[in-house]
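Chemist: Right, I'll just put the structure down here and ask away after.
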Amino acid sequence: MAQLYFYYSAMNAGKSTALLQSSYNYQERGMRTVVYTAEIDDRFGAGKVSSRIGLSSPAKLFNQNTSLFEEIRAESVRQTIHCVLVDESQFLTRQQVYQLSEVVDKLDIPVLCYGLRTDFRGELFVGSQYLLAWSDKLVELKTICFCGRKASMVLRLDQDGRPYNEGEQVVIGGNERYVSVCRKHYKDALEEGSLTAIQERHRHI
């Protein structure tokens, strides 16, 4: 019986790598997968899921107007789909998460979603909120803070490398703009207005 999975984490935990590995595992057994990623995230080029270790795969794009259930149903009529995988799933709308649950419940196709749990303010993305609420299986992918603790928060840095927690929720960027840290160092960095100073002190402990 198909299920809806949500693999969530902070940044740089290997979400895209895990997605690509899962897709490959299906394909290796002669099964067909359909991969989606957010149109808004074009850091590695549009229509592609790429990992930091160099793996990549073509992907269909979704935006807030994409009817995922209708697209996937039409595609499955043309050729059997054995699994749907969605990268950057934090950018899904509430309705799109519901549509993916319909893919599972009505089409009996497993759906694996990969995304961030919270934004740079420590607040849930809409897509993540409903995936956490409606998924059959929740899996946390772990990464670590510079101190060695589990990194569960994401700091946004300005052009001078200073952390801040105001502004638009979505600003696309990679390591130069976002850093995954533990909750303690997330709060410390915002209070001090500097992540670098905290990292330097930690090195000398």
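Even glycines carry a Cβ here, placed using N, Cα and C.
Because the structure is a prediction, the values reported are computed rather than measured.
Here Swiss-Prot flags Glu88 as active site, proton acceptor, drawing on sequence analysis. The ATP binding site annotation in Swiss-Prot covers Ser9, Ala10, Met11, Asn12, Ala13, Gly14, Lys15, Ser16, Asp87, Glu88, Ser89, Gln90. Swiss-Prot lists Cys145, Cys147, Cys182, His185 with the feature Zn(2+) binding site, giving sequence analysis as the kind of evidence.
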Chemist: Between Cys145, Cys147, Cys182, which of the binding-site residues has its C-beta surrounded by the fewest other C-beta atoms within 10 Å?
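Modeler: Sparsest of the binding-site residues Cys145, Cys147, Cys182 by Cβ contacts within 10 Å: Cys147.
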Chemist: Other than Cys145, Cys147, Cys182, His185, which residues of the chain come within 8 Å of the Zn(2+) site, judged by Cβ distance to the Cβ centroid of those residues?
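Modeler: After dropping the recorded site residues, what remains is Ile144, Phe146, Gly148, Arg149, Ala151, Val181, Arg183, Lys184, Tyr186.
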Chemist: Of the binding-site residues Ala13, Lys15, Asp87, Ser89, which one has its Cα closest to the Cα of Cys147 (Zn(2+) binding site)?
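Modeler: Out of the listed candidates, the nearest Cα belongs to Ala13.
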Chemist: To the nearest whole angstrom, state the Cα distance for the pair Ser9 (ATP binding site) and Cys182 (Zn(2+) binding site).
Modeler: 12
Chemist: Over all pairs in Ser9, Ala10, Met11, Asn12, Ala13, Gly14, Lys15, Ser16, Asp87, Glu88, Ser89, Gln90, the listed ATP binding residues, work out the largest Cα-Cα distance in Å.
Modeler: 15
Chemist: Roughly how many Å lie between the Cα atoms of His185 (Zn(2+) binding site) and the residue listed as 'active site, proton acceptor', rounded to a whole value?
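Modeler: It is 25 Å, counting Cα to Cα.
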Chemist: Quick one: give me the count of other CB atoms within 10 A of the CB of Met11 (ATP binding site).
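Modeler: For Met11 (ATP binding site), the 10 Å Cβ neighbour count is 20.
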Chemist: Taking each of the recorded positions Asp87, Glu88 in turn and counting other Cβ atoms within 10 Å of its Cβ, which one has the fewest?
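Modeler: Counting other Cβ atoms within 10 Å of each of the recorded positions Asp87, Glu88, the minimum falls on Glu88.
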Chemist: Give the number of CB atoms, excluding that of Ala13 (ATP binding site) itself, located within 10 Å of its CB.
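Modeler: Around the Cβ of Ala13 (ATP binding site), 21 other Cβ atoms lie within 10 Å.
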Chemist: How many other Cβ atoms are found within 10 Å of the Cβ atom of Ser89 (ATP binding site), counting all protein chains shown?
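Modeler: Its Cβ shell of radius 10 Å holds 30 other Cβ atoms.
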Chemist: Do me a favour and check the Cα-Cα span between Cys182 (Zn(2+) binding site) and Ser89 (ATP binding site); whole Å is fine.
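Modeler: Cα of Cys182 (Zn(2+) binding site) to Cα of Ser89 (ATP binding site) measures 22 Å after rounding.
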